[in-house]
Amino acid sequence: MPPKSVPLPAKPSKPYFFYGHRKPSQNRPVVYGGLFSNRQVLKPPQSPLPPSPPFDLRKWDPHHLSQNPSPPPITTPHQHSKLSPIARFIIDAFRKSQYTWGPSVVFELNKLRRVTASLVAEVLKVQDDPILASKFFHWAGKQKGFKHNFASYNALAYCLNRNGRFRVADQLPELMDSQGKPPTEKQFEILIRMHADKNRGQRVYYVYQKMKNFGIKPRVFLYNRIMDALVKTGYLDLALSVYEDFRGDGLAEESITFMILIKGLCKAGKVDEMLEVLGRMREMFCKPDVFAYTAMIKILVSKGNLDGCLRVWEEMRRDGVEPDVMAYVTLVAGLCKGGRVQRGYELFKEMKTKGILIERVTYGVLIEGFVKNGKLGSACGLLKDLIDSGYRADLGIYNPLIEGMCDVKLIDRACKLFQVTVQEGLEPGFATVKPMLLAFAEMRRMSDFCKLLEQMQKLGFSVNDDLSKFFSFVVEKGERTIMAVRVFNELKVKGYGSVRIYNILMGALHKTGKVKQALSLFQEMKDLNFEPDSSTYSNAIICYVEDENIKDACICHNKIIEMSCVPSIDAYYSLTNGLCKIGEIDAAMMLVRDCLGAEKVMEVLNEMMQEGLPPDNIICSAIISGMCKYRTIEEARKVFANLRTSKLLTEANVIIYDELLIEYMEKKAADLVLSGLKFFGLESKLKAKGSTLLSR
């Protein structure tokens, strides 16, 4: 037996340091290994940006901002790790020059021995400054022996579009043609896809027309993309003209081509034209499936075209396509919401016959439809069917039933249903109890009304807030205002009442011409020690003016001012009109200035706050300057008081601004006195007496 060979000791592997992967060749495949090739890039802690040079206002030119564009977002280390060393060198040159093209950048780039088109494309893919990218692209094109390829042109198009310069990107085909590189269908496809993703339908059509001018015919795929973008953005006529070109080029439609047109025609309500396209689709042996038919029905339902929905349903039956649960549910919901609940119920029974699982939502839609049509018995029958099917009804089902029962004065049954919602832990809200409260009020069953309020309080309702909502709902119809006042008269004896309810009733009484009753409510409110707010006083101002009691109207106005609030526009208008009628023109003009001052300022400030721009020192200084210019110091104080109430200014800041306001106003007054002295030539007399007032 030959002796066993002794294994040689393993030769220690030589460390191999390799960055990235080397270029493959015939005898050397791509190498991804190496000691450092799979290293992870750790994100360094964010350090503050380098200090910018001091700002010199004298050198600032707001009309040439493009010469100093703001630096683009810094490329992440992960993106840098994917770049080649030369591309990193170019990006670093941009960074050193603060992303501004100039001699320093050109000097760094001229150090490169050779720039390739693939390198240009690599740099442009991570560049977020379109101006810098365009200048680098132009610089590379002027290098000796350099020619841009499709990749560099495409990278520039992506860069321009990514940074909002899509109109410039649309001119790249002409640039390519002028540089001896005629564009292909791929370049136009890129532009069309960019515009389609951003819903720019007209730009899609513009690029398509340009494509035709270059003599390039799109493929079926690109035609579909163009028509789909035009249909989605509402340009159906343009999509149909593109379809005519499609047919003129002798191309054969795909099923998606037909569906794009059918969806567009459904959106436009052109059912006859849609059926013509559907017939053409059948001739091409690409019959729509159930998903396509469901999509048509859904579009027509959203447009309220129920006749079109039923015609599509018949076409689906004609093609032998069996509707699924989604098709049924979509059509049933559309019919019920459109008032054709009986037709929807027929489809519902058809679903049950076929053994299709019916969701609770479908029951809810049918129940709500029957209630609206006054068929309460059918709605209750569906509720029983729902429960027998193993479902639990939710508030979306109980609320319409309760409202329907209250409408036909079956209030006791509605209360039983309400108790069911409580027992099942559904947490009913104001929408559930509102119809019952209204029914009790109309039937004058105030004891039951109060019992319901007590139960609401036990369930955690905010009774006063809900009563305010209730009275707001009741007085929407002017003829129910008297009933609302009667109900409130009985409720306030039991301790229910609030300033907001008084305001609602005062406003409603004024609208119905019952000014005396509104003022009696105002007086009663004060007698019961309710503290009126600005809305109360604003309502009182309007009523007092109509009652020709201008004095009390002015007292109410002053009360609002003392509260550091602003009267309503209607109150301003009414009081100004009343003052003009009695000849108090100066007082009326002061009110006009008052209204235009504080109200407009607060309107602008509210808009700023909605945009997330809280008032700063500059804004507050502008308020002080503007208000003092028109001698309305009190209006400035109102604005600051409102900002304090809105918690946008602290109490300390309000005090500071008030002191600044007084100081600024005193300065303006002093300037006015000095101007008067100079105007009347009293300077010499003051100087003769040794006054230094005018030398300041």
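Cβ from N, Cα, C; glycine included.
All TrEMBL annotations are machine predictions without curation.
What TrEMBL records for this protein:
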- 45-54: compositional bias 'Pro residues' (COMPBIAS)
- 174-286: domain 'PROP1-like PPR' (DOMAIN)
- 41-80: region 'Disordered' (REGION)
- 149-183: repeat 'PPR' (REPEAT)
- 219-253: repeat 'PPR' (REPEAT)
- 254-288: repeat 'PPR' (REPEAT)
- 289-323: repeat 'PPR' (REPEAT)
- 324-358: repeat 'PPR' (REPEAT)
- 359-393: repeat 'PPR' (REPEAT)
- 394-428: repeat 'PPR' (REPEAT)
- 498-532: repeat 'PPR' (REPEAT)
Do any residues, 6 or more residues outside the repeat 'PPR' (289-323), come within under 8 Å Cβ-to-Cβ of it, and if so which ones?
255, 259, 262-263, 266-267, 269, 271, 274-275, 278, 282, 330-331, 333-335, 338, 340, 343
Roughly where does the repeat 'PPR' (359-393) sit in mean pLDDT, to the nearest integer?
91
Sequence-remote contacts (6 or more beyond its ends) of the repeat 'PPR' (149-183), Cβ cut-off under 8 Å?
117-118, 120-122, 124-125, 127-130, 133-134, 137, 140-141, 190-191, 194-195, 198, 200, 203, 206-207, 210, 214, 216
Can you work out which residues elsewhere in the same chain, 6+ from the ends of the repeat 'PPR' (219-253), have a Cβ less than 8 Å from its Cβ atoms?
185, 188-189, 192-193, 195-196, 199-202, 204-205, 208, 212, 260-261, 263-265, 267-268, 280-281, 284, 286
